[in-house]
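Enquirer: The following block contains the structure, expressed as structure tokens.
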């Protein structure tokens with residue numbers, strides 16, 4: 001691999017993928033990274049309300065084909081900003097899956113102007129219309145494996161603990 005730095009879209013989407021590994025809902029592992037001025041301001045993943053049981057421990061609580069126990073990754077990231085008093089106006093969000101309609105509405109209402117997603121997932125036509133209507137943008141990011149080869153072959157192998165004599 002050359003000495004080319006990882007592009008911002010690849011970097012921030014990789015952060016969302018990493019966050020998805022913390023998901024506690026086994027139905028869909030989603031991660032979200034909120035970014036403003038090329039700085040990560042919050043991250044979230046699918047999970048239960050703090051203090052409640054987790055789907056991975058107690059099973060999903062499904063009503064009308066939706067797990068009602070889970071707070072979506074996008075919502076968790078937005079709520080983290082609200083809790084800490086961090087503005088999301090003109091921010092961007094990187095999500096591992098296309099946001100559902102309620103999350104899309106919350107993202108737009110919070111002032112997020114760019115939605116980047118990795119995987120299609122029940123892409124809602126009305127969500128797409130809303131994004132366009134409010135002047136925001138959406139685009140699908142495709143991760144380029146060339147930037148992640150080091151993770152499986154170089155950096156991780158070099159990071160193994162060494163035995164002390």
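Heads up, the Cβ atoms here are built off N, Cα and C, so glycines get one too.
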Enquirer: Going by the Zn(2+) site in TrEMBL, where 100, 103 are listed, which of the candidates 66, 72 is also part of it?
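Expert: Record source TrEMBL; matching candidate: 72.
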Enquirer: Is it possible to get the count of other C-beta atoms within 10 angstroms of the C-beta of residue 103 (Zn(2+) binding site)?
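Expert: A 10 Å sphere around the Cβ of residue 103 (Zn(2+) binding site) contains 24 other Cβ atoms.
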Enquirer: Is it possible to list how many residues within the domain 'CMP/dCMP-type deaminase' (7-139) are helical, extended or coil according to DSSP?
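Expert: Tallying H, G and I as helix, E and B as strand, the rest coil: 47 helix, 36 strand, 50 coil.
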Enquirer: Of all the recorded positions given, 72, 74, 100, which residue's CB has the most CB neighbours within 10 A?
Expert: 74
Enquirer: Taking only the Cα atoms, work out how far residue 103 (Zn(2+) binding site) lies from residue 74 (active site, proton donor), in Å, as a whole number.
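Expert: The Cα atom of residue 103 (Zn(2+) binding site) is 6 Å away from the Cα atom of residue 74 (active site, proton donor).
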